[in-house]
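Visitor: Pulled from Swiss-Prot, these are the listed features:
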- ASN165, ARG166, SER167, SER190, ILE231: NADP(+) binding site (BINDING)
Amino acid sequence: MAKILYGNEVALKIKEDLNLRIDKLKEKNIIPKLAILRMGNKPDDIAYERSIIKSCEKLNIETKVEELNEDILEEDFLKLMESLNNEKEIHGILVFRPYPKHLNENIINSSIALNKDVDCMHPLNLERIFEGDLNGFMPCTPEAVIEILKYYDIDLKGKNIVIINRSMVVGKPLSMMVLSHNATVTICHSRTIDLPSITKKADIVVTAIGKAKLIKEEYFNEDSIVMDVSINIDENGKLCGDVDFENVKEKVGAITPVPKGVGSVTTTLLLKHIVDAAERNS
């Protein structure tokens, strides 16, 4: 039976520290504030937005939601971004992805002020990570993976890590982050041949495919540490990850659950970044 790596325990510890820091900011009449930009009305985006707002309210972090039409002109979006960048009361800016196809992703990401880029979307902030500098904002999901491993005293040094994702949201930045911790990294993707033969040799497997219960027990060895980043809906309408949790947990060394795993830490780190930004700009 695997050790279950609960993310909500990690999140709770981070929030305890945030409460103290937010109280100190209040003494200076500073209230941390996040601007959320959502284009369109996709149910997943609305649900995510509500969860962020709820989490912010619990810590007395203010939010400002900009609900935008999916067909918004790029120039109008950039004008709004410029306004938010210049608004002193706004400490962090989060733009929901993916963007409508008519918008240039690089231009949108580059329009976010570097000091308000709380999910590390700006190319210059990402470049810093690729250069091995982990001192500023990091993408929240990859950072959540690192924080959970750190909380449970799982040392990355010398470990063989397989990441099943090659996106700029998870796979690529995470690969650079674990490299900075002296791990050896393999990135796999949809074109990888014989994926189980690769993952089975790994010490740590991180999966972010987005396919419910696709990853079965034959992908792992008895000592595997499994980090399931995805949040999917299974055949019964329940939340699940990429990994067939109930079967795999009997065969590996440790595993994150879904829910109460990586996702809970991801949102908490977003809150931490907002507070970080408020402190830096105070």
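Every residue, even glycine, has its Cβ placed from backbone N, Cα and C.
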Visitor: Neighbour count first, Cβ atoms within 10 Å, every protein chain included; then name which of ASN165, SER167 tops the list of binding-site residues.
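Guide: Compared across ASN165, SER167, the most Cβ atoms within 10 Å surround ASN165.
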Visitor: Provide the three-state secondary structure of ILE231 (NADP(+) binding site) computed with DSSP.
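Guide: Its secondary structure by DSSP: coil.
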Visitor: For SER190 (NADP(+) binding site), name the DSSP secondary structure in the helix/strand/coil scheme.
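Guide: Where SER190 (NADP(+) binding site) sits, the three-state DSSP reduction gives coil.
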Visitor: Run through the Cβ atoms and count how many others sit within 10 Å of the one on SER190 (NADP(+) binding site).
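Guide: Other Cβ atoms within 10 Å of SER190 (NADP(+) binding site): 9.
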Visitor: Compile a sequence-ordered list of residues in the same chain as ILE231 (NADP(+) binding site), six or more apart from it, whose Cβ lies below 8 A from its Cβ; state 'none' when nothing qualifies.
Guide: LEU239, GLY241, VAL258, PRO259, GLY263
Visitor: How would DSSP class SER167 (NADP(+) binding site) in three states?
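Guide: DSSP assigns SER167 (NADP(+) binding site) to coil.
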Visitor: How many other Cβ atoms sit within 10 Å of the Cβ of ARG166 (NADP(+) binding site)?
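Guide: Other Cβ atoms within 10 Å of ARG166 (NADP(+) binding site): 16.
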